[in-house]
Amino acid sequence: MTDPERTIAAQATAAGQGAIAVIRMSGPGCMDILKQCTPAAFTERLRPRRATLVCIRDAEGAAIDQALVTWFPAPASYTGEDTAEISCHGGMLVTDRLLKRLYQCGASPAEPGEFTKRAFLNGRMDLTQAEAVMDVISAGSDLALKAAQSQLDGGIGAQVDELKDNLVHVLAHIEAYIDFPDEDISPDTASDLLARLRNMEEKLDTLLKTAEGGRLLREGIRTAIAGPPNVGKSSLLNTLLGYDRAIVSNIAGTTRDTVEESIQLAGLALRLIDTAGVRESSDVIEQAGITRTNRALETADLVLEVADASTPRVKDFPAPVLTAPRLLILNKCDLGIHPDWKAVPGIRFSCATGEGRKELEEAIIQAFSSSLPGETGSSLVAINARHQHELGLCREHVRLASESISRQESPEFTALELREALTHLGEITGAVDTEDVLGAIFSSFCLGK
C-alpha cells in the first residue's frame, strides 16, 4: 500500500558507472530533506522547473558531490507531489552516499514503480498510461515504441472513455424505466438502445482484435529458423544479424542448441531462433538439440524453413504440427537452382551474396500484416493481455444486456449487465481498481520509475 505521507527516493538512471546519474525524490518532505543536506538558504534559491547548482553534504558537513537540483512543486510534477531531481556525477559510490544521506534525512527507499503509481493515484495519468510508461522503456522496435507512446498519450484510455459514455447513456435510460415502473420501454427507444449496444460490440471487437498484434509488438515475433542439417540455417541467422553469431561449418550437426538473437525489421522486433538441424540421429546430444528445435517450432510465431536449393530435393524435414506461418527459403541459389526446386514456390536466397533479402523481409511483413495493430485516427492501438481480459468480459455483459432488451425482460436485469460492463471498463483505466491489480502492474517497473 502506498503511503502518501511518505517521501520516497531512488536512482532514476541505470545503476552502474556513468557520466551523470539522476536521483529522484517525491513526497511532502522533499523540501525539508533538501534543507538538511544543503547549505543554509539554498532552498530559497530554488525555482520551479529550473536546475540549481549546490554541494550536497553529509551529516558532518563534508561534501558528497556537486549536483544540480531541479525542483517540481506539486501538483505540476510527474507524481503530482513535491518532487526533486538531483543530477550528480554517475559514480556508484557517489550515488550510494547521496541516497544514504537522503534516507538519513527522512526519505524512504522507493518501491519498484512507486513514482508512476503515485502519478496514477494522484490523477496525473490513468492506468493504461501508467502501463505505457513501462512499454516505452522496454520497446524493442519502432512500432512497439509508437504504440506505447500512443497509449501514453491516452489513445486507449480515450476509446475506453467513449465506450463508457455510451454505456452510461444507455444505463441512464434503463434506470429511468426502473424509477418509473408504470411505463414500458417503447419500441423506438428499445431499437435506439439496441443500436447503441451493437455499435459498442463492434467497437469492442475492433479493440479485441489488436491483442495479438500488441503481444507481437511487446514480445517480438518469435521466428524459428529450421530445416535439415547443413542447409545454411546458421548462415541465414548471421546474414540477417549482419555479424557472425552462430558457428558455421559444412559438418552436419554443428548446431546442437538453439541460438537466439533479436533484430528490427521494418519497425518490427524479430526474435530469431537458430535451431539444430532435424534428422534421425543416434547422438544423444544431437537428439537433445532436436528436442529443443521442436519446442521452438511449437512456440514460434513464424517459421523460416531453410532448404539447400542447389541439391536434389529430399522429403520434407520432420517437424511437429505447426500453427505459425511458414516461409520456405531456397538457400544457396548462387550455386544454381537444382531442377527439383525450380517449380517450388519459395524465396530464392543466398547467404553468400545477400540475394533475396528484400523479398524475405517483404514476405515476413506480409505474413503479419493482418495481425499487427493499425492506425485509429492518429493513434496506433495495441491492447495488452489485461486489457483483453477486461474488454472481453465487458463485451459479454454488453451482449447479455442487448439480449435482455430484445427479450423485453425487466429493466433491472438489463441494468445489472450494464453496470457489470462499466465495472470492467473501469478496471482498464483504473477508475475501478484493486490493490492486487495495481501491485501486479507496478511491481514490474524499475526502482526510479
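Every residue, even glycine, has its Cβ placed from backbone N, Cα and C.
Residues or ranges marked as (6S)-5-formyl-5,6,7,8-tetrahydrofolate binding site by Swiss-Prot: Arg24, Glu85, Arg124, Lys449. The annotation domain 'TrmE-type G' is assigned in Swiss-Prot to 220-369. Look at Swiss-Prot and you will find Asn230, Ser249, Ile251, Thr254 tagged as K(+) binding site, backed by sequence analysis. Among the features that Swiss-Prot reports, GTP binding site is placed at 230-235, 249-255, 274-277, with the record citing sequence analysis. Residues or ranges marked as Mg(2+) binding site by Swiss-Prot on the basis of sequence analysis: Ser234, Thr255.
In this structure the C-alpha atoms belonging to Glu85 ((6S)-5-formyl-5,6,7,8-tetrahydrofolate binding site) and Asn230 (K(+) binding site) are separated by 56 Å. Among the binding-site residues Arg24, Arg124, Ser234, the ones whose Cα is located within 10 Å of the Cα of Ala276 (GTP binding site) are Ser234. Ranking the binding-site residues Arg24, Lys233 by the number of CB atoms within 10 A of their own CB puts Lys233 at the top. Sequence-distant neighbours of Arg124 ((6S)-5-formyl-5,6,7,8-tetrahydrofolate binding site): residues of the same chain at least 6 apart with a C-beta under 8 Å from its C-beta are Pro75, Tyr78, Thr79, Gly80. You'll find the Cα of Lys233 (GTP binding site) roughly 47 Å from the Cα of Arg24 ((6S)-5-formyl-5,6,7,8-tetrahydrofolate binding site). Every protein chain considered, the tally of other Cβ atoms within 10 Å of the Cβ of Ser234 (Mg(2+) binding site) stands at 25.
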